[in-house]
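Peer 1: Quick paste from TrEMBL:
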BINDING   Lys36, Gly37, Leu38, Val39, Lys40  GTP binding site
BINDING   Arg86, Arg111, Asp145, Pro146, Met147, Leu148, Ala149, Thr150, Gly151, Ser152, Thr153, Asp215  5-phospho-alpha-D-ribose 1-diphosphate binding site
BINDING   Ile209, Gly214, Asp215, Ala216  uracil binding site
DOMAIN    13-223  domain 'Phosphoribosyltransferase'
Amino acid sequence: MPIENRENAYLITHALAKDTLSRIRDVETEQVSFRKGLVKLGRICGYEIIDGRMETEYVELETPLETTMGERVRGLDDVVIINVLRAATPFVEGLLKAFPRARQGVISASRDEEAGRGEDGSFPITVDYVKLPEIHEEDTVIVADPMLATGSTMCTVLDHIDGSADPENLFVLSAVSAPDGLLRVDESFPDIDLLTVSIDDRLDDNGFIVPGLGDAGDRAFRTT
């Protein structure tokens, strides 16, 4: 299925991605099913990135019977996946099924909800840990976070990545996104492609995506 170009993002329209997202949105979906759903959704999104955003090349190969031509995806060994802890962990687990040879980075970043949102709608962000692999010019970098709400966390994460390298492709991948967050990231990092399965209606007064899927980290790890 195509990846649709929207104003501030590319929308992943695969029917199975939409089906899986609908299932994990449901408040009746318990922890194990929610976590497995995020894994499944990450895998689908990975395949859609390969199909819609990566190039292929023809190669000559030997079958048991004769020489023939085949087609392979270029750059599968040059993928870096950045896990925005902690909600992205099962999402990234799924991505790694599509990109099993990917190098991985980790950034632990969280919003300071007690401080509240600023006048521009953003939250102060605390970064506790950063561990990134070396990023090369030929790399495709995927920054994964299942929820892109205000965009505050993602902009902070991208600040840590943007100055260190200039990869061939840099994608932000989310399951659900709010228009405010997409706009903030797009304005701050116009050269980055934003990929999402759903652009939801709005943010509530607390900065949570509506209709959203709740707190993805709490639902995946059964914490409060």
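Backbone N, Cα and C define each Cβ position, glycine as well.
Because TrEMBL annotations are produced automatically, they should be read as predictions rather than curated entries.
I'm curious about the neighbourhood of these features; can you describe it?
Peer 2: Cβ environment of Lys40 (GTP binding site): Thr20, Gly94 lie under 8 Å away, each six or more residues apart in the same chain.
In sequence order, Val84, Ala87, Ala88, Phe91, Thr153, Met154, Val157, Val172, Leu173, Ser174 constitute the residues six or more apart from Asp145 (5-phospho-alpha-D-ribose 1-diphosphate binding site) in its chain with CB-CB distances below 8 Å.
Cβ neighbours of Ile209 (uracil binding site) (same chain, under 8 Å, six or more residues apart in sequence): Met147, Ala149, Val176, Ser177, Ala178, Asp200, Arg202, Leu203.
Note on the domain 'Phosphoribosyltransferase' (13-223): its mean pLDDT in the predicted model is 93.
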Peer 1: Could you state the whole-number distance in Å separating the C-alpha atoms of Arg86 (5-phospho-alpha-D-ribose 1-diphosphate binding site) and Gly214 (uracil binding site)?
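Peer 2: Cα to Cα, Arg86 (5-phospho-alpha-D-ribose 1-diphosphate binding site) and Gly214 (uracil binding site) are separated by 14 Å.
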Peer 1: Work through the binding-site residues one by one (Gly151, Gly214, Asp215, Ala216) and name whichever has its CA nearest to the CA of Leu38 (GTP binding site).
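Peer 2: Closest candidate to Leu38 (GTP binding site), judged by Cα separation, is Ala216.
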Peer 1: Just checking a number: largest C-alpha distance across Arg86, Arg111, Asp145, Pro146, Met147, Leu148, Ala149, Thr150, Gly151, Ser152, Thr153, Asp215 for the 5-phospho-alpha-D-ribose 1-diphosphate site, rounded to a whole Å.
Peer 2: 17
